[in-house]
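Colleague: Features from Swiss-Prot:
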type	residues	note
DISULFID	Cys3-Cys21	disulfide bond
DISULFID	Cys8-Cys26	disulfide bond
DISULFID	Cys12-Cys28	disulfide bond
REGION	6-9	region '[R/K]XCQ motif'
SITE	Thr1	site 'Interacts with KCa2.2/KCNN2 and KCa2.3/KCNN3'
SITE	Val2	site 'Interacts with KCa2.2/KCNN2 and KCa2.3/KCNN3'
SITE	Arg7	site 'Interacts with KCa2.2/KCNN2 and KCa2.3/KCNN3'
SITE	Val24	site 'Interacts with KCa2.2/KCNN2 and KCa2.3/KCNN3'
Amino acid sequence: TVCNLRRCQLSCRSLGLLGKCIGVKCECVKH
């Protein structure tokens, strides 16, 4: 599967984090 950046950012934003694609993985990182 490919990382969907927009969906990744949305799900991370709800945690107060920044969404980033690392390879095929969605990573939530601090701003």
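Even glycines carry a Cβ here, placed using N, Cα and C.
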Colleague: Over all shown protein chains, what is the count of other CB atoms within 10 A of the CB belonging to Cys21 (disulfide bond)?
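Modeller: The Cβ of Cys21 (disulfide bond) has 14 Cβ neighbours within 10 Å.
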Colleague: Within the same chain, where does the region '[R/K]XCQ motif' (6-9) have neighbours whose Cβ lies under 8 angstroms from its own Cβ atoms, ignoring anything closer than 6 residues to its ends? I mean 6 or more beyond.
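Modeller: Counting only partners 6 or more residues beyond its ends, the region '[R/K]XCQ motif' (6-9) has Cβ contacts under 8 Å with 18-21, 26-28.
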Colleague: What is the average pLDDT across the region '[R/K]XCQ motif' (6-9)?
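Modeller: On average, pLDDT over the region '[R/K]XCQ motif' (6-9) sits at 98.
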Colleague: Have a look around Val2 (site 'Interacts with KCa2.2/KCNN2 and KCa2.3/KCNN3') and count the other CB atoms within 10 A of its CB, chains all included.
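Modeller: Looking across every protein chain shown, the total is 7.
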Colleague: Could you give the Cα-Cα distance between Cys28 (disulfide bond) and Val2 (site 'Interacts with KCa2.2/KCNN2 and KCa2.3/KCNN3'), in whole Å?
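Modeller: Cα to Cα, Cys28 (disulfide bond) and Val2 (site 'Interacts with KCa2.2/KCNN2 and KCa2.3/KCNN3') are separated by 16 Å.
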Colleague: Anything within 10 Å of Cys26 (disulfide bond)? Look among the recorded positions Thr1, Val2, Cys3, Arg7, Cys12, comparing CA atoms, and list what you find.
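Modeller: Within 10 Å Cα-Cα: Val2, Cys3, Arg7, Cys12.
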Colleague: What Cα-Cα separation, expressed in whole Å, is found between Cys8 (disulfide bond) and Cys21 (disulfide bond)?
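Modeller: About 8 Å separate the Cα atoms of these two residues.
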Colleague: Using only C-alpha positions, which one of Cys12, Cys21, Val24 is spatially nearest Val2 (site 'Interacts with KCa2.2/KCNN2 and KCa2.3/KCNN3')? These are the recorded positions in the record.
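Modeller: Checked the recorded positions Cys12, Cys21, Val24; minimum Cα distance to Val2 (site 'Interacts with KCa2.2/KCNN2 and KCa2.3/KCNN3') goes to Val24.
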Colleague: Can you name the residues of this chain that are 6 or more positions from Cys12 (disulfide bond) yet have a C-beta less than 8 Å from its C-beta?
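Modeller: The list for Cys12 (disulfide bond) reads Leu18, Gly19, Lys20, Cys26, Cys28, Val29, given in order along the sequence.
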